[in-house]
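Right, one structure below, let's go through it.
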Amino acid sequence: MADEDLIFRLEGVDGGGSSGAGRHGDSDTDSDDDEGYFICPITDDHMSNQNVNSKGQGYYNNLLKTECGSTGSPASSFHFKEAWKHAIEKAKHMPDPWAEFHLEDIATEHATRHRYNAVTGEWLKDEVLIKMASQPFGRGAMRECFRTKKLSNFLHAQHWKGASNYVAKRYLEPVDRSVYFEDVQLQMEAKLWGEEYNRHKPPKQVDIMQMCIIELKDRQGQPLFHLEHYIEGKYIKYNSNSGFVRDDNIRLTPQAFSHFTFERSGHQLIVVDIQGVGDLYTDPQIHTEKGTDFGDGNLGVRGMALFFYSHACNRICQSMGLAPFDLSPREQDAVNQSTKLLQSAKTILRGTEEKCGSPRIRTLSGSRPPLLLRLSENSGDENMSDVTFDSLPSSPSSATPHSQKLDHLHWPVFGDLDNMGPRDHDRMDNHRDSENSGDSGYPSEKRSDLDDPEPREHGHSNGNRRPESDEDSLGSSGRVCVETWNLLNPSRLHLPRPSAVALEVQRLNALDLGRKIGKSVLGKVHLAMVRYHEGGRFCEKDEEWDQESAIFHLEHAADLGELEAIVGLGLMYSQLPHHILADVSLEETEENKTKGFDYLLKAAEAGDRQSMILVARAFDTGLNLSPDRCQDWSEALHWYNTALETTDCDEGGEYDGIQDEPQYALLAREAEMLLTGGFGLDKNPQRSGDLYTQAAEAAMEAMKGRLANQYYEKAEEAWAQMEE
């Protein structure tokens, strides 16, 4: 068979072969037996099955030598070619699982196929021939599935018995046509992250099934269907978009993959709802920071919080340098129950796993794919760039109390990275095309009903007719793909970020205040944990919700610059009314008073007007002032002035106007302080009279005529003292 007759290139694979090809019903356990060859069971010679483990290990070692040494020899290339050709011959002679349904006898339909390129963000159109069963063979909460055969565009004759089996899915209830396109975008974006995960050489590689849209032009209304390959095997749901993990399906790889996507994307997204056959996944869900992409299943930071509440870091997470998410002691005890179950998983680490963000990995991080360009920029800084890690310290400094326990993760100190300029990156090796795509045929599960976001509209563009190759999400040519990726906004590079608060705090400490408050997605995740605890999501109906854990996450959110958390803790520790965790009251101690005032002062510096007034009054009257401070009218005057000038958005992006404290009242208090002097403030009758006049004018605007007259009189009295 000539090379050009293949629908994929014959070349060496980086750290593993095609994931998911040939997965079967036994794939619900992490067995290491199917990894003796990187080209999995379909290529195993029946004469060498007894030596598969030893030969597989030798093959793996030779592959490592090839990667680290020369670019490869003709002998090694020949080995790959023969293995792939052998696999193709075996695949050709496999029986058709749908032969009994005689789909070849169904009428042929013309369809327009829409495929999405996740790298360029473009939609491509071509024409295909299909045969679809009239009755569904499976039905879920939202969609139903139809057996389908699609004829390859490479064929010159219509040989339907040899056509590939597909699953066509459509929604049970009518939905906007844009929903179909949005679903494909989601799955192809998730496929990109699966490929990024595989570049870090995990023990088991993953793959997301290829999915496209077919438009049946000859039917009334030209209905749309999702189209995926059919894959035999046992379909398992490993986690959901609401953080649920089945105890009898505990596995390491799916959970580690979700955790990896959160850190590798710089906290901008997480891929969850992992389900499929073995490590060939379908119908995933992506949670993004704002939650405005990818339909109603995108729960935003709340979905991220739900995942980490139930996630127990496993040995794959540790081998890839993924930092554990901070949980309270009580939450950690609950997660430890899952940790015990993880001991039964059979995945064996090879010891060659790359750390997340390792300089040895030539990833596609030279620029952002369209999804990351669409996401909120809050998690990144304008001058931030993706730099290689070999010039950085291998462990964080001890600036925070939890730094020492994170040294083994080899995360760099982020404080010096946010203001660095772009650096040259090594070009990535040509990315191989993938023909591994399919589906278990299982209908999609219903998305979570936790949210009801505003509807989104996503259009699509038409492209030229493309060859039949079911290319992976990076396109049909690895070389073209990498060149295209590198052309996309090379100045906007993203850096992996750990899930640990201590390391995120180090990064934020290097930023100025305006770029620190409200800029951490990790802080928003911890704040979402607070809301879930307060709402009773993490407890049974007849149980009290965990107040200690809620305060734990509220403090972590405040440490990460979440203004709402900072204000809430300031009010809570100061024994003042607070809207977040309103039922929680803390003991009134000097230590808590100091904490409360420090939080309020931090919130005031961040632009929260209510906190400015509280701090000013504390310095003015001495009430609610921390024990280590004393009355200071000059400080009070400063914060009164700042509050008066604050009429726009604070650093958290929220608008806080002057309705809570009338402007004329603050001006009158300033005038009174300057008229009498004291507590470090010198008398200034002239300025006092001016402020009384401004207060009178503000009172007149507020329809307070009698009060305005009083202020005018006091202004005259102040100016009289100046003349004396």
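Using N, Cα and C of the backbone, Cβ positions are placed for all residues, glycine too.
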In Swiss-Prot, the entry for phosphoserine among Ser31, Ser444, Ser448, Ser461 points to Ser444
Check the candidates Ser76, Ser385, Ser394, Ser476 against Swiss-Prot and report the one noted as phosphoserine. Ser476
Candidates Ser310, Ser499, Ser611; Swiss-Prot annotation phosphoserine sits on Ser499
Which of the listed residues, Thr282, Thr347, Thr388, has Swiss-Prot annotated as phosphothreonine? Thr347
Given 80-93, 150-163, 654-667, 668-681, which one carries Swiss-Prot's region 'Calmodulin-binding' label? 80-93
Phosphoserine: annotated position in Swiss-Prot, out of Ser54, Ser365, Ser398: Ser365
Distance, Ser242 (phosphoserine) to Ser499 (phosphoserine) (CA atoms, angstrom): 19
